[in-house]
Ligand code: KG4
Ligand code: ZN
C-alpha cells in the first residue's frame, strides 16, 4: 500500500562549524553523523573561511557514512532536506549546493529547512527517551547565535515573542570562558567546572531588559571587570576560584533565562515549555527546567544531548513533516545567512 511506504529523508546541516548528515525513516533517526571542526579551537572562535573549507572536505564522507550506518541504499531516498539558514554564508553554501546537486542527480524532491525551527522541532524526533510537546507550546531556543522565545502553534506556524538585543546566550558562555582563559567553545567547560562550584559565591547583576527580550553583552563586561579587579590583587584568583566563578556565571545566565520564561508563561498562559539549541545541553538549565515542573506546574521538554547541539537529525524531522505536506523547494533556491522564523 503506497501510504504505508516508509519515507526516507537524507538531511544535511552545515550552518556553522559542524558538518552533519542524517537519515530518517519517517520520524525515526536511523543515523546521525556529526563531524565537529577542531580547527577553530586554536583561534578561540569559528573562522568562517576555515569552516566552509572544512565543510567541503567533510560533506561527502559524512553523507556516505550516514547512508552506510542507516544501512539503506541511496535509491531508497524519498527526499533531501538541508539547512538553508540562518548561519555563515560560506558554510551554508556547501550544504545547499550539495543538496541541490544530489536531489537533481537522484531526481528526488529538495526541502529547505530553517535551522532555528529545526532546533525546536527536534522534539518531534521519535525517541523512547523523549516525549513531544503539545501545541501550542513555548520554545526557548538558546544557541551560539540565537536566544529566542518562540510561541509554537503548529509545525509550520511559529512566532518569536522575545529575543536577544545583542549577544546570544551561547556567546555569553563562550566569551565568559575566554575571559577565564578557557578554550573555545567554552560553554561546555563552564558547565563542567560549575558542577562542583558554589553558585552564590559571586554576584553578577541581572540586566533589566523590556518585555521578553534579553541582553547578555553587559554580563560579559561585568565579568571582565570583575576578573581584572580581582586578578590585580591576586594573580592566582582565577585558578583558586574557577569552580565558584563558573557556577556563579552559569547561575546568573540561568536566572536571566528563567525570569523571562516565567514572564512568557504568564503572558501567554501556555505552560508547555521546551528548550532547544546547543546551550540546552547545559546541565544547569536542564535542571532548572526539570525543577520548574514541580515548582511552577509547567510541563517541560528537554531534548536528548545529541539533538541539542547542531545535528542533521533535527533538519531531517522538519524534512519529514514538510514531505508529508508536500512542501518542496525549487532548484533555484539559495542559502540565506539571515533567515527569521515565521
Ligand atoms: O546550537 P549550537 O550547537 O550551534 C549554533 O547554532 O550556534 O550551539 C553552540 C553553543 C556554543 O556557544 C556552546 O558553547 C554552547 O552551545 N554549549 C553550551 C553547552 N554545550 C554547548 N553552553 C553551556 N553549557 C553546555 N553544556
Ligand atoms: Zn544551532
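Cβ atoms here come from the backbone N, Cα and C positions, even for glycine.
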Additional site residue, 310, 332 [criterion: listed by TrEMBL with 115, 119 for Fe cation]: 310
Further substrate ligand in TrEMBL, beside 141, 142, 143, 144, 145, 174, 187, 191, within candidate set 58, 71, 241, 282: 282
Neighbour-count leader, CB within 10 A, binding-site residues: 115, 119: 119
Mean predicted confidence [pLDDT] for the domain 'Gcp-like' (28-316): 97
Maximum Cα-Cα separation in Å among residues 141, 142, 143, 144, 145, 174, 187, 191, 282, which the record lists as binding substrate: 18
Neighbour tally for residue 282 (substrate binding site), based on other Cβ positions within 10 Å of its Cβ: 25
The one of 141, 143 whose CB sees the fewest other CB atoms within 10 Å, among these binding-site residues: 143
